[in-house]
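*Asks:* The structure is given below, and queries will be raised subsequently.
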Amino acid sequence: MGQFCYSCDMTDSKKRQSARARKQRSCTKMEDCLIEDQTTFYSKAEHYWKEVPPTVDGMLGGYGSISSIDINGSKKFLQKFLGEGQGKTGTGCALDCGAGIGRITKRLLLPLFHTVDLVDVTQEFLDKARSYLGEEAKQVENYFCCGLQDFQPQAERYDVIWIQWVIGHLTDDHLVEFLRRCRSGLRPDGLIVVKDNVAFEGVIPDDVDSSVCRDLNLLHRLVARAGLNIICEEQQQNFPEEIYQVHTLALR
């Protein structure tokens, strides 16, 4: 995958709303936060994730203890949309974006969908996913090593495209373009789910992993630019107080 998405399951995440994070500069849009050019911004993130161990704790930035809380919240959110009948989302195939070693694939998507594809920028994480998923790996059809800014989902392949803790590694324009491509990758009544940290106000850069955290207003505007509607939005509950709020958005 080129140099652009950065890996992710936390990409499956990170971002502690500690004193350090709260003191960081806030911007009104992502591009204003870049001190360097985009190529440097992306390459720094790629280097960061290459140094992260391919473990659940590594994917979650040292917060491996929140994994079950996260998965249970996501399952409760997603199951509201799945089923048969008019307007319901099917359970044929899902895409895990910024999949890392497959934490979300293993515990959320594989139990609910017949097949799952993974996409991540770090080949080592995808290699680890094959063993981490165990027997369930037989339900995985594709392991794509590709940056989300370059990734083109197959047209009308996916019932659900799950994008968690990775949008902060894309510029505003790249995020909008990626969401548009995801929309064309959905089957009828398919769903895009974005689950990520949200800032209190503006855009907060993280110089450690070379990413940003956007506030909800900006995220909503980017979703609208992509031609998508928010059909449901919830805040994840029971996460540690020191991390950013995490919101889950269902888009069509």
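Quick reminder: no glycine exception, Cβ is built from N, Cα and C everywhere.
Note: TrEMBL annotation is automatic and uncurated.
OK, TrEMBL features for this one:
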BINDING   Gly98, Arg103, Asp120, Val121, Thr122, Leu148, Gln149, Gln164  S-adenosyl-L-methionine binding site
*Asks:* Return the residue, from the listed binding-site residues Thr122, Gln149, Gln164, with the maximum count of other C-beta atoms within 10 angstroms of its C-beta.
*Replies:* Gln164
*Asks:* I'd like to know which of these binding-site residues, Val121, Leu148, is least surrounded, judged by other CB atoms within 10 A.
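*Replies:* If we count Cβ atoms within 10 Å for the binding-site residues Val121, Leu148, the smallest count is at Leu148.
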*Asks:* Widest Cα span across the S-adenosyl-L-methionine binders Gly98, Arg103, Asp120, Val121, Thr122, Leu148, Gln149, Gln164, in Å?
*Replies:* 22
*Asks:* Within 10 Å of each Cβ, count the other Cβ atoms, then let me know which of the binding-site residues Gly98, Arg103, Asp120 comes out lowest.
*Replies:* Arg103
